[in-house]
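Here's the structure, in structure tokens; my notes come after.
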Amino acid sequence: MQPINVYLVRHGQTIFNIYHRMQGWANSPLTEKGVSDAQNAGKLLANVDFKHVYSSDVMRAMQTAHVIMKANQAITVNKIELNPTPFFREAYYGYFEGEDIDVTWKMVGLSQGMLTLNELLSKFSLDEIKTLMHEADPSHRAELPEHYWQRINDGFNLIRQESKPGDNVLLVSHSMTIRSIVERFDTEHKFDVTKNPRNGSVTKLAVTPENIKVKYYDHLDNI
């Protein structure tokens, strides 16, 4: 059976990206570069015959999706509409939403004697880091891995239900979510998720009823 081909795009650069702020469920608008990031992704994906388009329901992802959609002939001709969904939101950072990134990771890593995300990544998986963040969050509202994966899995099941084998699907989401998906399903450890996917980059997934395979990660060309 042919897989469903999911082209997973990180949203364009935002104001919070420039100011080095944590941005999970919080939102800030795309910058001029962010619009350009989305336009570049649109050019890269212009000739892909998409059957469905999904995004996180957070504005920066929706804005990016709309820019990409305008550049795609199949989406335009077939009048395919965007399906925003909370399933593919970024991880929720609780108390740390909008906080300075360096301050956040110092607080999260404090119990482990670590000061940066890179230090944490040298020892812990992304799911373990989500748990450390939940524990460091004074409100204990930062999203735990089990809640996070419940909604991500629900999102992929939605795509499976609405797509046919061989369909091409556009999905616009967020950096930690893309990294988490790649870390979980890259069983051969081909891709380095210590490196953030770039704004507007494309990660390709092959989705079957039983599995998800990562075909490539963080491409700005050669899809």
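Every residue, even glycine, has its Cβ placed from backbone N, Cα and C.
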Task: Matching residue for the substrate site, where TrEMBL names ARG10, HIS11, GLY12, GLN13, THR14, ILE15, PHE16, ASN17, GLU90, ALA91, TYR92, TYR93 - out of ARG60, ARG151 - done: ARG60
Open item on the list: Under a three-state reading of DSSP, tell me whether GLY12 (substrate binding site) is helix, strand or coil.
Closed with: coil
- [ ] For ARG60 (substrate binding site), just give me the three-state DSSP call.
- [x] helix
